[in-house]
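A.B. asks: Take a look at the following structure, please.
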Amino acid sequence: GGMNQVNLRTLLSYSSINHLGWILISMTISESLWLIYFMFYIFMSITIALFFNYFKIYHMNQLYSMNLSPLCKFFMLINMLSLGGLPPFLGFYPKLMVINLLMSMEMYFITWVMVMMALITLFFYLRITFSAFILMYPTLKWLNISMSKYFYSNILLSTISILGFPLIF
């Protein structure tokens with residue numbers, strides 16, 4: 001469902017369905033693992049939602065035309081990759097914990113299915129980020145967003161999300 005979406009909220013809801021599958025699997029195998037996964041997911045979702053709310057981004061073309069600051073665009077798109085579960089970022093860590101526990105319980109088939117479904121979700125996040133990095137549409141002249149305290153809190157949350165994986169160990 002997320003392959004041909006242009007609405008970012010709908011895309012995030014399809015991604016949430018994938019994360020719900022990971023949470024349900026972790027609920028069945030561990031009493032505390034699902035809570036850890038859920039906390040990581042809430043953190044990443046809030047970070048993305050704050051970015052989308054701050055810049056009033058609802059559709060793909062708005063994401064592509066966001067030429068305010070390359071650094072800000074970088075942080076937003078890297079957070080989307082973290083939400084997708086790309087390995088060096090924070091969003092991969094809870095999936096890695098679930099995979100390790102599933103492999104230790106010798107549940108190979110369900111692990112394979114979960115990883116394949118996560119790769120599909122990661123594919124449409126990668127497609128969005130590559131397109132947004134490559135395509136640069138002209139900025140609208142009436143779009144003037146000042147940097148407020150909310151912007152800097154988004155940057156702080158993004159930094160934690162990007163650097164969170166090395167900080168865990």
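Glycine is treated like the rest: Cβ placed from N, Cα and C.
Any TrEMBL annotation is an automated prediction that lacks curation.
So TrEMBL lists these for the protein:
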- 2-121: domain 'NADH:quinone oxidoreductase/Mrp antiporter transmembrane' (DOMAIN)
- 12-29: transmembrane segment (TRANSMEM)
- 35-54: transmembrane segment (TRANSMEM)
- 74-93: transmembrane segment (TRANSMEM)
- 113-138: transmembrane segment (TRANSMEM)
- 150-168: transmembrane segment (TRANSMEM)
A.B. asks: Considering only the recorded stretches 12-29, 35-54, 74-93, state which has the highest number of Cβ pairs under 8 Å to the transmembrane segment (113-138).
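C.D. replies: Against the transmembrane segment (113-138), the leading stretch is 74-93.
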A.B. asks: On the DSSP side of things, how many residues of the domain 'NADH:quinone oxidoreductase/Mrp antiporter transmembrane' (2-121) fall into helix, strand and coil, could you say?
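C.D. replies: The composition, in the requested order, is 92 helix, 2 strand, 26 coil.
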